[in-house]
Amino acid sequence: MVLAAARVLLLTLAALGASGQGQMPLGGDLGPQMLRELQETNAALQDVRDLLRQQVKEITFLKNTVMECDACGMQPARTPKLTVRPLSQCSPGFCFPGVACTETANGARCGPCPEGFTGNGSHCADVNECTAHPCFPRVRCINTSPGFRCEACPPGFSGPTHEGVGLAFAKANKQVCTDINECETGQHNCVPNSVCVNTVGSFQCGPCQPGFVGDQASGCRRRPQRFCPDGTPSPCHEKADCVLERDGSRSCVCAVGWAGNGLICGRDTDLDGFPDEKLRCSERQCRKDNCVTVPNSGQEDVDQDGIGDACDPDADGDGVLNEKDNCPLVRNPDQRNTDGDKWGDACDNCRSQKNDDQKDTDKDGRGDACDDDIDGDRIRNPVDNCPKVPNSDQKDTDGDGVGDACDNCPQKSNADQRDVDHDFVGDACDSDQDQDGDGHQDSKDNCPTVPNSAQQDSDHDGQGDACDDDDDNDGVPDSRDNCRLVPNPGQEDMDRDGVGDACQGDFDADKVVDKIDVCPENAEVTLTDFRAFQTVVLDPEGDAQIDPNWVVLNQGMEIVQTMNSDPGLAVGYTAFNGVDFEGTFHVNTATDDDYAGFIFGYQDSSSFYVVMWKQMEQTYWQANPFRAVAEPGIQLKAVKSSTGPGEQLRNALWHTGDTASQVRLLWKDPRNVGWKDKTSYRWFLQHRPQVGYIRVRFYEGPELVADSNVILDTTMRGGRLGVFCFSQENIIWANLRYRCNDTIPEDYEAQRLLQA
């Protein structure tokens, strides 16, 4: 470009010289030709200048480019050296499709066959994964190449499509088909308002639901809301149930969460049987609750200030708060305490001798610690062979120094009275042979082959009523006797109602009318009463915590446990066959989050059922003998311990789940919800040991919050009732009620068929 511009300039100058013979005119008069040549020269110079500017830019760009290449290490392009490779040994098709081919010194080599095939890599055959049975039972498996495929889940089941490749996958991954609950999804043909029972892969239709009448053929119609079960008009409050009594009369009972006389019901927040506000009726249960939010079914109020002891910070009104008062229920502002135990002189039954337990066996006002005749049988303790059981005759058949009245082996000498399983039968004579499973060993069972935990023997002939065809021994067989438990050979029946005059209104002749008798067919049991109870410590040798402290109120119908303790039971002495057991459960503190509950079917300290409720998930702090993890929620367990009370049973009770040779988990509330602080719950238990029927329900206020539904288990065929605690303080069990009941519930049969 520069050379070209210079060439143009030289040509122009030459032209100028040629035209003027080398001379420029001296005047200002330029000829036209000269002017034209100057203009052309000027234009040429302008072009040269532009070309020079462009050339400078290009040179600068080339310079910068070269410098940048030097900075990044780039070298001038070189022609690559040509190499000659030998011909590849891995020719197409040498290996099975999808198999890698590798050249080696010894020639080409094929890799393994793909998943779902077997062979040497060059030749691969399909694997039949169906031989591993990856599909759900009754589902067809289809082998593909490669892999397998399962057909859809069978009718009554649902699940995702299932397919895969390879034997390893087929063995490790089975088709999952989940039972369809047709009763929940509506995929059933049961008539509306009837019971639908889900079965594996199908369903069954049952009777009409409560509150409805009819059947599957005619349909289920709502029972008139204000009628009694016998069809007569109901006089009850809208929040009360009409109940038919044994004699055919009707009673009204307020529903859960309500209290009153049944004709009138009001809200009952704490579920203790007393309404929050006074009702317009005169019965005791119509009075206003003196502790609206704390259950106190006895309504105790020692200072008569209208505030119940259970919620009164100064129950005795002496100016000293309960938590510091050494006599919280007896007025003593001076707090005098001569013997220095936990109790002030005003309420201490042994003022000059320490006795924190305040036990008073004969209820004479003098504690056992300072009473020279503990049982009140007029025989002084040092010479009394049963110092805690009245026995003025001092009979001692086996001569072991322990009177028959308190001897756990009266026919066999055993002065130590050892009884490791707490069943009142000493180890010296305890055979543990109980073929009918009712908790009474065969040698002491009045019906050894028929479960009868209550051991009722109305005519005292040594043969239990359960296996005696003439219970009252009046010569009339039970099947024809209009008073089965009361002798009446004449069978008088003035009103011809089928019930003999001798037992009319009081079937067991215990002088408690059937309407209020909790066991109208057992003269030995009349009212709910836990005032006499057996204490069972389930970890007696452990050092984790202290033992429970039980306080009984309301004439034996309320129990309070005050301590953060080891696992323990308070067990009543009455044994039951079939029973209904209900009560109100309340933790009256915001401290701790552990177990509380109740027991039934108690036969000994190794054999019982327990319903227990944990508030929060927690691992037990004693890792020996094994790690135990408690989950929140309600649990129903069958305890059958091979070791009995101790660390093994302790950790097994804490653990949610089965523990071999200790505990089986029969049911757990699927909600996994713990109990709430200072909240009342009402439970209802039905136990029919003759068929293994168990069902437990929990209410929070009027709302049903948990239902085990029907559980069938015959581990314990009857036993005693009680309450349970484990590491939880300030538990209240209020408004306790039990009732003998051998009637089989209607929902038993459907469950039996389901489990058959």
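Note: Cβ is positioned from N, Cα and C throughout, glycine not excepted.
Per Swiss-Prot, signal peptide is recorded for 1-20, and the stated evidence type is sequence analysis. If you look up Swiss-Prot, you'll see 86-125 marked as domain 'EGF-like 1'. Per Swiss-Prot, domain 'EGF-like 2' is recorded for 126-178, and the stated evidence type is sequence analysis. The domain 'EGF-like 3' feature in Swiss-Prot is assigned to 179-218. According to Swiss-Prot, the domain 'EGF-like 4' annotation covers 224-266. Annotation source Swiss-Prot lists repeat 'TSP type-3 1' at 267-299. Marked as repeat 'TSP type-3 2' by Swiss-Prot: 300-335. Look at Swiss-Prot and you will find 336-358 tagged as repeat 'TSP type-3 3'. Per Swiss-Prot, repeat 'TSP type-3 5' is recorded for 395-417. Taken from Swiss-Prot, the feature repeat 'TSP type-3 6' covers 418-455. Among the features that Swiss-Prot reports, repeat 'TSP type-3 7' is placed at 456-491. The domain 'TSP C-terminal' annotation in Swiss-Prot covers 531-745 and rests on sequence analysis.
Outside the repeat 'TSP type-3 3' (336-358) by six or more residues, the chain places 325-327, 329-330, 365-370 with a CB less than 8 A from a CB of the stretch. The helix, strand and coil residue counts that DSSP assigns across the domain 'EGF-like 4' (224-266) are 0 helix, 17 strand, 26 coil. Summarised by DSSP class, the composition of the domain 'EGF-like 3' (179-218) is 4 helix, 18 strand, 18 coil. A Cβ distance under 8 Å defines the sequence-distant neighbours of the repeat 'TSP type-3 5' (395-417), meaning residues of its chain 6+ beyond its ends; these are 384-386, 388-389, 424-429. Helix, strand and coil residue tallies for the domain 'EGF-like 2' (126-178), in that order: 10 helix, 13 strand, 30 coil [DSSP]. Secondary structure counts, DSSP: the repeat 'TSP type-3 1' (267-299) has 3 helix, 1 strand, 29 coil.
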